[in-house]
Structures are given as structure tokens and as C-alpha cells.
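Asks: When I checked TrEMBL for this same protein, it listed these features:
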| type | residues | note |
| --- | --- | --- |
| SIGNAL | 1-21 | signal peptide |
| TRANSMEM | 137-161 | transmembrane segment |
| TRANSMEM | 173-197 | transmembrane segment |
| TRANSMEM | 217-236 | transmembrane segment |
| TRANSMEM | 248-273 | transmembrane segment |
| TRANSMEM | 279-301 | transmembrane segment |
| TRANSMEM | 308-329 | transmembrane segment |
| TRANSMEM | 341-360 | transmembrane segment |
Amino acid sequence: MKSVVLLVFITCQLCVQVSYGLNITFNSSNVEVFVDDKVTVLVIFNGVGDELEQVKASNWTVFYEPRSNLEAEFKQSSIVCDNIDQRCIGEMDIKGLFLGFGTVTLARLDPETKTWIKLEPRLVVTIIRLDKLINKIFIAFVAIVVSLNNVNMGCALDLGIVKDVLKRPIGPAIGCFCQFVIMPLGSYGWGTIPFWLFTLGKTIITGTKIVVPFQNIIASLASLMIPIGIGILIQRRFPKVAARSKRILAPVCIILLICIVVLASIANSYMFYLLTWRMAIAASLSVWTGFAAGILVALVFRFSRADIIAIAVETGIQNSGIAFVLLSYSLKPPVSDIASVVPVAGSIITPIPLFVIYCFQKIWNRCHRNEDFELQAITSKRRDSDQGEINLASDFVNK
């Protein structure tokens, strides 16, 4: 019964469409509009005779979705007909509200049923964001800050320890194993890294070319190594300057981290609207799995406490910059912007467990420091008491 009703409904729609005899097209099949910007699209009605007169006489409107991404309005007064070319042209304004995709469908009011009849084809709208001045300031600030901080790290780098580690590189080998074996599998399991993009994804996104920008990756590695090399040269040539740099390394890192987080939140505030609880959980599990995997593997190989912390941190902390580069060069806006939300979520969540552990360690040390002081005081009193008894006994013997 439902199939019959559906068939009748579709037939009626087709009959209405044919009765109008109009062929509707747009001057562009896929419209791009910036967020908070507006574009005008031409709607072209092709028909003959009375059909063109009906275009002017009819009431038109548009249905658009999702309403959170765009707004659309058809200008009834803009319709102009040309009987020679046998077509009418009207204008439709589309405003971008938030990045993503949307559709706009033109509809005509049926004078008999007083209902809106949607006409094909639908117009596909892509809403992209415009790079503002704050984005350029943020990128330049991060580039300068990271370079200076890497120079500072080069000043604080102990080459003797590096040589000792390279002679017996068990720690780096474990770090590589965790980073390139455990983390990809764990991330794939939590859904953070779309590994299926290179496997099953090919059947879904046929025709899409995945670009891996090796030049940009090499450039990012060079931008990391060159400042560190400069810092090492400063350490060799100007040891006093390097010593001062070591003292300010920790506070400067904290201040710069706060500045980067604030600027990133302002420049990329749209990501907070796209971030869902599923993304947050997947990113959290990916990062925390890295910390846990690094700790467990380091414990199995009986590393020292300092090495365990180093391996865990190196495994859990990911380079989100490489993810941004891959996404921006492999995908077009706004898909690249939407996909970048996941590495951003990972970057935001990464410091949380480290900060919690740091606070717990500080509280623990402070509490146990008081206990140590009390224990030292009691021990000192007992020692004084015992010494007093020994002195009394000695005096008694001497007497």
C-alpha cells in the first residue's frame, strides 16, 4: 500500500513539473561563498509562450539546508523575461553563515493547493572561510616563536648525553616502535587516523587524488633542525649566553604556550563549533594510549624513571603540524578545515594528563615533605634523648 501511495505521489510531482514545461538552470552548478559574505546566483527559466508569463505571475521561494550554514532568498522583483530568447532570468542571494556544504531548492506556489512545489535541480553551495589578518598574524607568530624556542633548546641540549644514547640506542628504538607501530594501530582503532583512506576509502572517494607533500614535510623538519643547530653553535661559541638561555627555557615555554593557545583559539574559533564529543573521546584515547604504551614498553625493558617519562611523552605527543600540512594539501576547503578539527582536539587534550600528573606530583611531594620534616624532628629528638642518657650514664660511671 505504501509503495502505491509513493508511486502516485511521484507521478503527481512529475505531472506538475511537466505541466509547467519549464527548464530551470543556474549560472553555476556549484556555488562557493565565504563565511559572512553574500553572492548572487542567476536563475534561468527556459520555456515558451504562456509559460514565461506564468514565471512572472507565480510566487517563488527557496528552501535551503542546513540553516546553520547558509541563508538564501529569491528576489521576486528581479525576474526579467525575454520572449526572443524564450527565457526568464531571476536573482537569488545566498549568504554564508558557517563553513560546510548546503543545498538550495527553488519552489513554486501551486495556486490550487496553496502548497510549495520544489523544482529540480537543487543548487549545491560550498561555504568556505576567508583567511583573516588574525590568521596570518597567528602563523607568523608561531613560526617566529617556535624557531626562537628551538634555538633555546639547542642551547640547553647536552651533546654528551646524546652521544651516550646513540651508542646504545635502545630508548630511541622503543620510541620509534611505539610511535610507528602502536600509535597508528591504536589511532586506527579509535578512529582518529582514517587509515581506510588508502584502502577501503578508494572505493568511496573514487577520482580523489591523495597528495602527500613531501617537500613541505622536509621543510618543516629543516625548520626544526636549523634553529637547534644554531643553539648548539651558541652553546659551543658563547657558553655564557647558553647558560642564561637554560635558565629561562621553562618559563619562556610556558608563556609562549599560553600565547599560542590564546591566539589559536581566536584565529580558529570555528573549530570549537565543529568539535563533537566523539572527536574529543577519539583524540583523548589516541593520546592517552600513546602515554600508556610508552610507559608499559619502557617498564618491560626496565628503563630508569627519567627514560620512562621521556619515552611516554615522546610517544603520546604528536606533531599536529604535519597533520595540518597533509590535510590542507590533500583536501580542498572546507573539507580540509573540517578534517583539521581532529588534530586540533588532540593538541588541546595532550597537555591535560601531563598537567594533572604534574599537579599530583607537586601535591604529593609537598604532603610527604611535611611528613619527612616531622620524621626528621622525631628522629632528632630521639637522638638527643639517647645522647642525653649516654651522657648521664657516662657521668655516673666516671663518678
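Quick reminder: no glycine exception, Cβ is built from N, Cα and C everywhere.
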Asks: Per the definition of 3+ C-beta pairs under 8 A with sequence separation of 6 or more, do the transmembrane segment (217-236) and the transmembrane segment (137-161) touch?
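Replies: Since 3 or more Cβ pairs under 8 Å link them, the transmembrane segment (217-236) and the transmembrane segment (137-161) do come into contact.
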Asks: At a threshold of under 8 Å on Cβ distances, which of 137-161, 279-301, 341-360 pairs most often with the transmembrane segment (248-273)?
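Replies: That would be 137-161.
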